[in-house]
Structures are given as structure tokens and as C-alpha cells.
């Protein structure tokens with residue numbers, strides 16, 4: 001009887017702490033659901049795009065990047081989720097190896113970005129310049145640029161005059177656009193008591209004259 005009881009205990013014995021096990025399962029499950037959401041957003045953005053302007057301009061469609069990242073994230077978190085729940089050593093090793101690989105990749109990118117800061121800055125500058133030129137061509141690109149400018153409190157790459165590269169914001173006299181000599185709303189600073197915002201260029205940048213901007 002005692003021998004049978006000892007065998008049952010041996011079969012149910014685990015070297016993994018239950019708290020660590022369920023903690024890993026819970027967070028892996030959350031990121032697994034999040035990866036499905038990323039894939040869904042990427043597929044939706046890909047289907048809704050009417051033109052391939054952004055893909056032709058930037059070589060890689062942002063929607064495709066979302067789908068690829070979501071799929072990779074799905075398989076990694078799946079290994080962690082099921083591996084923790086079933087205590088599958090092979091899945092846990094795969095999960096651990098994948099996280100290590102992702103960390104080393106991010107570390108390598110950070111180191112290369114530090115040692116090749118000039119090249120990185122030039123590459124980012126080219127990306128932003130293209131994004132400014134094609135700002136009105138794609139709604140996703142427009143939302144991305146607006147988000148970047150609001151979060152970093154900037155306007156263009158060098159200053160607000162960069163927006164003259166855009167066909168709609170160009171300040172030449174022959175431009176028939178109603179947005180001539182203007183900048184996107186994300187460049188504007190909200191004014192208390194007013195609906196919309198007013199453009200206020202940073203004080204540490206030498207700027208040229210722009211027309212007053214009031215967003216209705």
C-alpha cells in the first residue's frame with residue numbers, strides 16, 4: 001500500500017513551482033491573445049488598402065510587418081503557454097530559446113544603432129522624408145506620422161518646413177491646395193478655450209513665416 005502511494009506521488013511530483021507555472025501560463029496566454037489581435041489588425045489593414053503606394057515606397061508594407069510579428073509572437077507564446085500548463089520540457093526549452101534569441105537580436109540592433117548612429121539617423125531621415133511626401137496617400141501612414149509627432153512633440157524631421165515637401169502643404173504660390181503653407185494638425189499645440197489648435201514652432205529652431213493655422 002505504501003509502495004503504491006509512493007508511486008502515485010512520484011508520478012504527480014513536479015520540479016516546477018506551481019506559482020511560477022501558473023504565472024508563466026497566465027502571461028503567455030495574455031501575449032498569445034495579443035498576438036492574435038496583431039495578426040487580425042495586420043490582415044484588416046492589408047485588405048482595406050486600396051493602393052500599393054506605401055508598399056512601393058517603403059519596400060515593406062507595414063501591414064505585412066504586423067502579420068509577421070504577430071505570427072512569430074503567436075508560436076513563441078503558444079510554446080510558453082502549453083509548455084507551462086503541461087510541463088512539457090521541449091516546449092519550455094523552445095520558449096526559452098526563442099526569448100533568448102529575441103533578446104540577443106534586440107541587443108545587437110541597439111549596439112549597431114549606437115556604433116552606426118550616423119547611418120541610423122540617415123536611414124530614419126529618409127523614412128520620415130518619404131512618409132512626409134506620401135502623408136495623404138495612406139491613412140495608416142498618416143496616423144503613424146501624427147502619433148510620432150504628438151508623442152515626441154516634433155514637426156517634421158528637421159523642422160516644420162519639411163512639410164513643404166508634401167504636395168498638399170507646399171508653400172509655392174501656384175499650389176491650389178487649401179492646406180498650402182500649413183502643417184498637419186499633429187504639429188499644432190492645443191490652445192485652452194479654443195476648438196482645435198494653433199501651430200507654435202519650437203523656440204530653439206529658426207523658422208520661416210507660416211500663415212496662422214486654426215483647425216475648425
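Using the three backbone atoms N, Cα and C, a Cβ is placed for every residue, glycine included.
Listed in TrEMBL:
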{"type": "TRANSMEM", "residues": "20-44", "note": "transmembrane segment"}
{"type": "TRANSMEM", "residues": "64-85", "note": "transmembrane segment"}
{"type": "TRANSMEM", "residues": "97-116", "note": "transmembrane segment"}
{"type": "DISULFID", "residues": "154-187", "note": "disulfide bond"}
{"type": "DISULFID", "residues": "155-171", "note": "disulfide bond"}
Cβ neighbour count within 10 Å of residue 154 (disulfide bond): 17
Nearest-integer angstrom distance between the alpha carbons (Cα) of residue 171 (disulfide bond) and residue 187 (disulfide bond): 16
Which of 155, 171, 187, all disulfide-bonded residues, has a Cβ with the fewest other Cβ atoms inside 10 Å: 171
Integer Cα-Cα distance in angstrom, residue 155 (disulfide bond) to residue 187 (disulfide bond): 5
